[in-house]
């Protein structure tokens, strides 16, 4: 630590450069966390373009195709909160490695599947592994870097890698399917997973392995897992059966009842899975609300663009993936620009508002697509605006979400953020698919040709623009930053920056400021897999 003004040494001596230059071990921590998040969000979308080949290779029926895609998303959403809390209780290193091992093993099993049920089961287990792994990728970052510019930069890199994984899924899946086999969209995870496992096992030490002595709230875990899973399943069923059908209504109502029971249980247990007081923290509830609404628009963006390019413009799977490269680059640029501006003192809320406005304009432009659209005017132009806006929004929004939350609850807050994005994405896709289908049917359905399809896709983007406009307004609910983003690292922060990832590092600060993953993914802006891109969406 630097010396005091009086010239006396501070309690701990750390060279000044340590505050701005992460150690090699710190970089290993970042690589492990980012690679884990990349795998999680990649597998939300990478399977989409391989579904037609899977159908041929395994004899999948139409219902089987939907389950190959949905099994991952449903278990991912259902187990997310449990995975987040498990990291807080049992140690982030342990939970990260267990989740990664489960995810990698399931990928191997899915790639070797010989029957439809085998690949569906493997995808479901993949989702459980991803839900266990994803929250820990965030909390590993936030516990390794103290609040300040270094944490913001690490968060920006983590966010960019996660978003890029979701955006690159179509390209990677198309290349692997066309030039190798559909099996490689799953098998590719195996060597990457093994490499990340080795890096994480050696780099994650000290504070990452600390486990809590508090017991797991088992009744709460069962209720919230069943509740969120049932709600996600019900939303997915509305796509095929409608909101009023028993196939959708029963799981939706059952899931909501389970979540209501969960709230009652949490209010009475001494060691709750999710402390209800978190929902009285303005940054937590407001950020989750905005992320849920954003998920409605951003998740559907990849889906409808993929359908438009393949069903209307007659792009191949590989060409569709290549066409998404400008989107991927734009998201990464936005996600990397945001922390740099925050480090210069720009209000995170202002960045989020700006990103929302840019994305809304992009969605509005995309809604004007037509049958004879060019790559420049209907793909790159609006795509850059939508994607850059998404990247600019997500880093400051999710960084603000856990500001002021104790480090012992960082995992569960991360799980909340991922769950909000995932549920928002599932709800949005179901809603916008219905909007698109209604518009197409009004013009004569698929038999009317590409014009009817394009009108349906355009209507979905128009509604998406309205949803993002609402999300932009909701950003005003976020509280002011607790500390200036560009403020100098204080003594504790400088010490943490020098000690990052060391076994005997000082205790981490009692606040954790960072994003809850893609979804989140989550990656969070990742493309949901509910139908193959080539299947009519409207």
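Any Cβ shown, glycine's included, is placed from N, Cα and C.
Values in this document were obtained by computation on a predicted structure and should not be read as measured data.
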Per TrEMBL, the transmembrane segment among 68-85, 248-265, 266-283 spans residues 248-265
Long-range Cβ neighbours of the transmembrane segment (350-367) (under 8 Å; 6 or more residues past either end) | 290, 297-298, 301, 305, 334, 338, 341-342, 378, 381-394, 396-397, 400, 458-459, 461-462, 464-465, 468-469, 471-472, 475-476, 478
Is the transmembrane segment (317-338) close to the transmembrane segment (248-265), in the sense of at least 3 CB pairs under 8 angstroms with a sequence gap of 6 or more?
-> no
Candidate ranges 120-142, 154-176, 182-204, 317-338, 412-437 - greatest C-beta contact count to the transmembrane segment (379-400) (under 8 angstroms) | 317-338
Are there 3 or more C-beta pairs under 8 Å linking the transmembrane segment (412-437) with the transmembrane segment (120-142), counting only pairs at least 6 apart in sequence?
-> yes
Give the one range among 25-47, 154-176, 317-338, 412-437 whose Cβ atoms make the most pairs under 8 Å with those of the transmembrane segment (457-478).
-> 412-437
Could you tell me whether the transmembrane segment (412-437) and the transmembrane segment (182-204) have 3+ CB pairs under 8 A, leaving out pairs under 6 positions apart?
-> no
Taking the transmembrane segment (317-338) as reference, the highest number of CB pairs under 8 angstroms among 25-47, 154-176, 216-236, 412-437 goes to 154-176
